Amino acid sequence: MPDPTTLSAWAALAAHAPTLSDQPLRVLFDADPDRFARFHLRFEDLVLDYSKNRITGETMALLADLARQSGVEARRDAMFAGEPINTTEGRAVLHVALRDPTPTPVLVDGADVKPAIAAVLAHMEAFSEAVRSGAWTGATGKAITDVVNIGIGGSDLGPVMVVEALKAYAKPGLRVHFVSNVDGTHIAETLKGLSPETTLFLVASKTFTTQETLTNAHTARDWLVGALGEPAVARHFAALSTNAKAVSAFGIDTANMFEFWDWVGGRYSLWSAIGLPIAISVGFANFRALLDGAHAMDTHFREAPIERNLPVILGLLGVWYGDFLGARAQAVLPYDQYLHRLAAYLQQADMESNGKRTTLDGKTVAYATGAVLFGEPGTNGQHSFYQLIHQGTSLIPCDFIAPAISHNPLGRHHAILLSNFLAQTEALMRGKTEAEARAELAAQGLAGEALEALLPHKVFPGNRPTNAILVKRLDPRTLGMLIALYEHKIHVQATVWNINAYDQWGVELGKQLAKAILPELEDATISPAHDSSTNGLIALYREFSAG
């Protein structure tokens, strides 16, 4: 893939960016009553309004040129064809195959992966429905009331986000919990109030060697065995893994092991066996609807022209702000409490994918890549960090997401929520001029020095860019579309930046060093051999933990 800075479209965008400095968004809107019509797209019941961005028709044309010159279409097609686009690990990237219901073969190393996918989905359907119906019972014959998913990273963030997002579809009386942190507090607090007789554990680890996951799994096993005895493990544990030997040694019946493959990256794995807690929570039909929604977005991504392609547009806008307008962060702001874990999920999906400084050909990048992503559900964020977005010195593009129809239509709650959703995008776009602030203060009775002292604090610069994503309602299909939209956005940006979105070498170094430090914490006779700071902290840990 080419160095993007050598492309003519990149140079044209760099020359174009300064021309927008005297065209703030409020001016662009006032000059063009059809701006919304020109800069929004609808796909089924999902609408992307990108009109409140610092763009003109020329900007979007240049960004489309950049996409074509960067090979966005070719790399997209290579992914769907099963080519090993994860070059540092020599792997295909085929999470999209997991949600493809068509009979068209998908080949990896010459073999069609569709039959294996279908077999695992059938296994998931049978198991999840058995748990939900009460046909699956624990060692004492009681039905399962609580499912505890033990995983970390992609084995946790995706499933917990979806289970929370689809709580309106959950089976009453069947609770799904998630344990990820190796801090013993997490599993200790989760197990409080649970009954071993009615609890099922799902251990999610592809290799069945992940330190955090296996530490928590063994603690859960000890808790269960202490109450029900060793033979109970087989009725109260299932594994989402490929390591049959380790799963069996743990005491799990390999008939209750759900496989996935090395062409499924962790942060893209909720569509695989890792999604079993989703299927148990909301039912397999709703899990299938989630897959179908994602597949619909996959088809749109493959077939829509660049100028009308939702993931491409979102991705290019991110490149525009990061590389040409100096933005180093992005906010994702869902105005739906069910989406309260969306930002955390997208943090991993985006930052672990595109937090890279090395190109596909091993060179250090000379441009900005992935941004810091954060967010909170509205209106909580409004009373937290929106101050900085409105009046701070950093440019932070925002994605606002909301459903038009609430699952909980209580009084005026949803109308108030959506009025804030709409007001924030307008306020960030328009701002408040000094003249407007002066008139407002004067109308409140202020004058003279008091007015002049307060005036600068009441000015909002505006021109803060936002996308608004409005869906009809948050249901499994729509959620699948939304997640796939962001997955493909990430892919588009990685293509433009000429980086690998599908490895994560940055997580390795700390884990390697932790293995060396662990025995030094557990055995005071070992002399630590690190830098003075690390050695000093180890000494303090020994002092404090000794009592």
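Using the three backbone atoms N, Cα and C, a Cβ is placed for every residue, glycine included.
Around the Cβ of GLU352 (active site, proton donor), a 10 Å sphere holds 23 further Cβ atoms from the protein chains shown. Residues or ranges marked as active site, proton donor by Swiss-Prot: GLU352.
Counting only same-chain residues at least 6 apart in sequence, none has a Cβ under 8 Å from the Cβ of HIS383 (active site). Swiss-Prot lists HIS383 (among others) with the feature active site.
Cβ environment of LYS511 (active site): GLN211 lie under 8 Å away, each six or more residues apart in the same chain. Per Swiss-Prot, active site is recorded for LYS511 (among others), and the stated evidence type is sequence analysis.
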